[in-house]
Amino acid sequence: MEQEEETAEQYVVTRPLYSEESFAQDHEKIYRHRKTMLDHIKQYFTCDAKRAKSTALSLLPVIGWMKAYRFKEWLLGDIVSGVSTGLVAVLQGLAYCLLASLPPWYGLFSAFFPVIIYFFLGTSRHISVGPFPVLCLMIGSAVTRLVPDEGPAFNITGFEGLTRDEQRVLVASSVTFLAGVMQLAMGVLQVGFVVMYLSDTLVSGFTTAAAIHILVSQLKFVLGLEVPGISGPLSLIYTLEIIFNKITSTNVCDVVISIVIMVVVFIVKEINERFKSKLPVPIPIEVTVIACGVSYAFDFKTRYGIDVVGYIPKGYEAPVAPNPQIFQETAVEAFPIAIVGFAVAFSVAKVYSIKHDYTIDGNQELIAFGVSNIFGASFRSFAASTALSRSAVQESTGGKTQVAGLLSAVIVMIVTLAIGFLLEPLPKSVLGAVIIVNLKGSLMQFREIPYLWRRDKADCVVWLASCIGAFLLGLDLGLAVGLGVELISVILRTQFPRCSLLANIRGTDIYKDRKDYISIYEPEGVKIFRIPSPIFFANIEFFRNKLVEAVGFNPLRVLRKRNKAVRMIRKLLKKGKLHSPDGTDTIGLLNTSCGPINESEDESNMEELDQPTDFKDFPARIDWNAELPANIAVPRVEIHSLVLDFAAVSFLDISGLKGLRALLKELIRVEVEVYIVACDPYILEKLHDCSFFDDEVQSSMFYLTLHDAMLHILEKHPEPIPKKSDYEKCLYFCSSSVGQTGGGYADLLPHLVVQHCGPALI
């Protein structure tokens with residue numbers, strides 16, 4: 001039993017040797033009608049009862065999950081989760097509003113209106129929709145650019161008669177509305193895949209830089225300083241310069257309050273994180289209630305001059321229309337807001353959907369967030385996404401569906417309509433401290449740099465580029481820089497792939513990089529070249545150069561040299577300066593004259609030199625690897641067969657097709673047999689459709705597997721029978737490919753030692 005366990009599992013397959021053509025003859029394919037673009041358009045606009053029902057369910061996912069709602073099992077958890085999340089949403093709404101450079105109570109609007117819409121349209125059951133600090137900061141950048149703290153606002157129609165805060169609210173709501181329109185348009189056009197271009201590495205670097213921006217933006221509240229909002233490139237540097245210049249004016253009371261709040265919140269969060277498996281619900285951090293009470297009791301605003309939240313109006317304001325002129329000024333900011341907001345929300349939603357085993361629809365999520373932002377912007381809220389900490393509270397406290405999100409919106413509404421005045425004494429330094437503590441996870445992402453550098457330097461460069469770009473140039477331009485570097489890295493990896501020469505692993509039908517293994521077999525005169533990427537316009541020349549380097553000669557140069565040599569030999573034969581020895585079919589031509597041969601005249605008609613060598617009227621065949629007469633020098637070709645492994649070639653464009661065809665013709669014309677193996681059926685079909693094949697480049701060169709092609713080559717070019725002492729140099733072919741009885745390849749290749757998954761058969 002132990003001996004059987006130690007023996008590796010083996011398999012034996014007996015089958016014919018297959019080229020693509022012979023396999024197609026023996027195995028009939030199923031014909032599949034492929035839809036044209038017109039068919040897809042017709043299907044898209046076709047409507048019937050079933051399609052209408054499916055569309056309604058997809059546009060209103062609430063119908064689907066509400067029908068399966070388990071009231072007895074889920075309702076209590078959703079209620080507890082909704083109340084807990086609502087309290088957190090109130091605090092974060094007030095705090096994150098400071099990042100957007102808006103009055104704090106508008107954050108409560110952003111924690112209410114988008115949640116209502118997402119309840120009906122969203123596909124995630126666990127994310128908590130509302131303000132997200134990075135988006136708030138991006139909106140704040142647009143707000144302070146159009147309505148700066150110092151100096152006049154932009155000359156925009158609609159600003160007349162409005163206070164500075166009202167102008168800023170109009171800018172924020174207009175930017176949010178435009179971002180929502182962009183998200184809705186992308187959802188309707190089914191282009192939710194665009195978020196896939198934002199890799200985890202890029203998002204990590206970007207959010208780390210955003211965390212630094214957020215940290216710096218909150219220093220003025222923590223220190224009690226008046227610092228004007230600055231936007232644009234190097235705004236972070238300028239803000240830090242102003243803070244350091246005013247550091248002597250720090251409000252000590254604000255600093256003490258901030259330190260106490262940060263220590264308390266940090267300790268409670270660490271306890272919640274470390275003992276989350278033992279705690280039924282996370283310990284609530286009700287620092288706002290305590291801070292409000294202390295601030296009101298000791299009258300911090302009057303006695304110590306600290307800045308507080310101040311007046312919070314009751315109720316909601318009337319809807320407002322967005323300003324089209326602001327659209328023109330902020331389109332550049334709105335697009336990255338739309339992309340980042342959706343990317344963050346979708347990535348968090350995907351985590352919870354995998355954990356709780358349900359599916360989410362990226363395009364429907366775009367529609368949900370688009371409509372949420374459009375609706376919310378009409379009521380003066382700013383762009384909504386999700387915050388990981390708030391979503392974690394909703395999920396960890398027992399939330400099962402968006403009923404918890406709806407109840408959290410109810411809590412926010414109660415605060416807005418009834419008890420908002422209790423938050424008026426809340427110091428802004430408390431909100432700033434809470435924001436800074438919540439940045440711990442984002443700032444700790446710096447630890448990824450050493451890991452990325454060791455594992456994947458290209459990803460590390462993308463991380464650093466997105467982080468440094470966002471740090472220095474601002475979040476919108478930084479995102480563009482990170483995305484540009486990421487796409488360049490992908491292009492470079494595809495344009496300059498790691499091509500390799502393969503060799504057979506002895507005793508198997510497996511082929512690996514010849515540099516990586518010791519026990520390998522390489523038949524003489526055969527090269528196996530692997531291309532691990534698509535072949536297209538950008539890398540066809542690189543592919544050609546690598547192939548020339550691998551085979552050791554330039555086929556076009558060899559062809560031209562041979563055609564020149566044939567011209568010269570034909571002229572010398574015609575002049576009687578050469579003659580062929582009797583009884584041989586190979587030109588071992590003898591030179592009957594002395595002196596050098598002038599070949600300058602052969603430099604004409606270069607186009608003819610690229611054509612196949614013409615041996616018409618030649619008395620015998622030329623052995624190009626032998627010594628040629630009349631001091632004619634032609635580069636030697638040491639191989640007779642070249643195998644191209646196309647297993648990793650996923651597509652081939654027209655430029656790649658033309659380049660490949662030209663290269664194959666050059667190789668064939670210098671008498672190198674070319675075989676292409678493991679080619680994708682769709683690529684092979686495209687080659688037929690594009691008239692790739694002719695008298696020289698034939699479809700018979702395509703083989704099903706690499707091992708099939710190698711067996712065919714060894715049958716066609718058998719190697720000398722080795723001596724007994726040289727058996728270790730022989731190729732051991734597993735009977736999975738050879739060893740057929742009755743005329744199989746073991747009989748066709750009697751010089752091979754065939755290993756039949758056990759004793760060797762000679």
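A Cβ is built for glycine as well, from the same backbone N, Cα and C atoms used for every other residue.
Whatever TrEMBL says is automated annotation, not expert-curated.
Feature annotations, reproduced from TrEMBL:
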- 516-713: domain 'STAS' (DOMAIN)
- 75-99: transmembrane segment (TRANSMEM)
- 105-122: transmembrane segment (TRANSMEM)
- 168-195: transmembrane segment (TRANSMEM)
- 202-223: transmembrane segment (TRANSMEM)
- 243-268: transmembrane segment (TRANSMEM)
- 334-354: transmembrane segment (TRANSMEM)
- 366-383: transmembrane segment (TRANSMEM)
- 403-423: transmembrane segment (TRANSMEM)
- 461-492: transmembrane segment (TRANSMEM)
Handout entry: Interface check, the transmembrane segment (105-122) with the transmembrane segment (403-423), three or more C-beta pairs under 8 A
Key = yes
Practice task
Would you mind listing the long-range same-chain contacts of the transmembrane segment (168-195), meaning Cβ under 8 Å and 6+ residues beyond its ends?
Solution key: 100-103, 106, 139, 142-143, 146-147, 158-159, 162, 320, 322-323, 326-327, 330-331, 333-335, 337-339, 341-343, 346, 361-378, 380-383
Completion exercise
Same-chain residues at least 6 beyond the ends of the transmembrane segment (366-383) with a Cβ under 8 Å from one of its Cβ atoms are 59, 97, 100, 102, 106, 109-110, 112-118, 121-123, 129, 131-132, 135-136, 138-139, 169, 172-177, 179-188, 192, 316-317, 319-322, 337, 341-342, 345
Exercise for the section: For the transmembrane segment (202-223), could you work out the same-chain residues 6 or more beyond its ends whose Cβ comes under 8 Å from its Cβ atoms? Expected result: 98-99, 133-134, 137, 140, 236, 239-240, 243, 247, 250-251, 254-255, 258, 307, 340, 343-344, 347, 428-429, 431-433, 435-436, 439, 442-443, 445-446, 448, 462-471, 475, 478-479, 482-483, 486
Problem - Feature contact check the transmembrane segment (334-354) with the transmembrane segment (461-492), CB under 8 Å, 3 or more pairs - result: yes
